[in-house]
Amino acid sequence: MEHFIDTYLYELRKVRDEKTIKKKEYLLKHLQDYSEDLPAFDQSEIFSFYEYLKNKNLKETTIRDILKEVRLFYEWLQEQGLNLKFDEKALKKLFQSKKSQEALKSKKKYYSDDEINLILNAIRGAVEGISTKHPIYYILTIFLLCSGLRISEAVKVRKKDFEVKRILTEEGEEKEVWFVKVREGKFGKERKALIYFFRPEWKRIFEERLKKLKPEDFFFTYAVKYPKSVKVFTLTDKTAKWFYWKLEKELREKGYEIEVNAHRFRNTYITKLATKGFPVNLIADWVGHSKISTTMDVYMEAEREKQLEAILERI
């Protein structure tokens, strides 16, 4: 393969500038890493190559450039008399499928588990090229996912607003059920919301944090160390929204097409509880929807999105 690529680039140097040649060389290097021989790119091989590139954490735009350059390289090979297949219809089908999936993601109302992991990892500094954020934003994100509160409601929660009830299950086992009191909800209404820890480690994070707070303390009080002092702040909805806006911007710059906003955390809470079998009327009470139809709409749209995603994955 190396001989053919070198010859291809040599011929192109006669008509293209060196910057373009270097880019093409970089793009074709991924083909060399993928296979020692020149593969026949039928639909199965094209999709396999795409998944290989995806697993290298390359940007979607870079993957497209690689596939397009490989197609041009194979056209040149065919002109040289080599009988090597490259299924252009399959490539077009792949691009259309991925375009549909990206469009779906851009308007999707809830987060998948992979998207939740991406956001949390970015906050922890576990995504390459993104610095570690203050731990308060990790806790805030978990809280929004587990409580369904609006961000304006969440930042006003105090330690005394948490309530842990112990109930007996049908099997006779004791189980904890967590609630949070929303004192200043939308339209000034008070309510209680179920806190459902979708992962056991999240509950432990909350337990440890509550131990450090006094009853009147805001839950989202945090300290920032400066060279000569430590200052204590209470998170505001404006600061939190600004944080998520900046985080989304950072992720997009690294090639991750994802929206990061509190409302989608809220909708994720609704969707997860509904799929676990919680009655929609109870969920509506917990999230403070005045109409049960609003809650039902979120759930039904999420179900339609999941069905569409499953279809697109099979294309």
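Quick reminder: no glycine exception, Cβ is built from N, Cα and C everywhere.
As annotated by Swiss-Prot, active site applies to ARG150 (among others), with the evidence given as sequence analysis. For the recorded site, ARG150 (active site), the DSSP three-state label reads coil.
Annotation comment: Swiss-Prot describes LYS186 (among others) as active site.
In the three-state DSSP scheme, HIS263 (active site) is classed as helix. Counting Cβ atoms from all protein chains shown, HIS263 (active site) has 12 others lying within 10 Å of its own Cβ. Per Swiss-Prot, active site is recorded for HIS263 (among others), and the stated evidence type is sequence analysis.
Annotation comment: Swiss-Prot describes ARG266 (among others) as active site. Within the same chain, residues at least six positions away from ARG266 (active site) with a Cβ under 8 Å of its Cβ are LEU144, GLY148, LEU149, ARG150, VAL287.
HIS289 (active site) carries neither a helix nor a strand DSSP state and counts as coil. Other Cβ atoms within 10 Å of the Cβ of HIS289 (active site) number 20 in total over all chains. Per Swiss-Prot, the feature active site maps to HIS289 (among others); the stated evidence is sequence analysis.
DSSP classifies TYR299 (active site, O-(3'-phospho-DNA)-tyrosine intermediate) as helix under the three-state reduction. The local packing around TYR299 (active site, O-(3'-phospho-DNA)-tyrosine intermediate), expressed as other Cβ atoms within 10 Å of its Cβ over all shown chains, amounts to 20. Look at Swiss-Prot and you will find TYR299 tagged as active site, O-(3'-phospho-DNA)-tyrosine intermediate, backed by sequence analysis.
Summarising the annotation, Swiss-Prot assigns domain 'Core-binding (CB)' to 1-78 and lists sequence analysis as the type of evidence.
Here Swiss-Prot flags 106-313 as domain 'Tyr recombinase', drawing on sequence analysis.
Between the CA atoms of TYR299 (active site, O-(3'-phospho-DNA)-tyrosine intermediate) and HIS289 (active site) there is a gap of 13 Å, rounded to the nearest whole number. Residue density at ARG150 (active site): 19 other Cβ atoms are found within 10 A of its Cβ, drawing on all protein chains shown.
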